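Marked as compositional bias 'Gly residues' by TrEMBL: 195-206. TrEMBL lists 254-265 with the feature compositional bias 'Basic residues'. Marked as domain 'RRM' by TrEMBL: 16-99, 107-186. According to TrEMBL, the region 'Disordered' annotation covers 185-206, 248-274.
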């Protein structure tokens, strides 16, 4: 590891740091550095190891001298280190690591606290500098048509959303806004279930994803499960992907309504199927 020298003091360390998951247990500080220094000057590089066995925990951190180098490394995905494809992701601070959905890979962000006169183009002008925008939705009251003070922006790459959320402070249309990952009801439930021993299950992408719970490389019981997970146990590197998130989240009401409608539809179909089954049974000849 090296000291924090030769970096831009205006750019906090957290913005210059990447979490690297899915490392081969053969990967060392040197081989990790050899790969990622192709995209810039590394001020720090470390493969996290077990304090007792000294064995690699399968993940590490690299810190660049400036954010531009981090962006270059992320643009060069996918990355293969020591013959294994790894998963780089913007490092999450210890403070943010306990927030709902901190580890979920999503392309949507929730933008709260926007002015009533904020238009779609205001949001587009601000966020398009981070990456390609797919959709923007400024939420309005259905009956009155009045702006509700928040919006949703969807990008074509989850890294764009991660970069924006990690940056924290955003001033849009002359007003400070609250920006977080937008979570569906299922994602909120997944985030809420990520509490537990150290990293908990499915911290990296949530249940059902490639890095979800149960047997996967990043799941409970896999390379990244238990015993501190992604930064539990006093990890000095800002928590990385540490203890799981809590309940709640910043999901849109439209997500909740969609889930409710789907549940109602399933119940209705179940009742109809049950009714048809009863009719069929009554039509069958009685056995004596």
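In case you wondered, yes, glycine gets a Cβ from its N, Cα and C as well.
In the domain 'RRM' (16-99), helix, strand and coil residues by DSSP number 24 helix, 32 strand, 28 coil. DSSP states for the domain 'RRM' (107-186), grouped as helix (H, G, I), strand (E, B) and coil, give 20 helix, 32 strand, 28 coil. If you take every residue in the domain 'RRM' (16-99) and average the pLDDT, you get 96.
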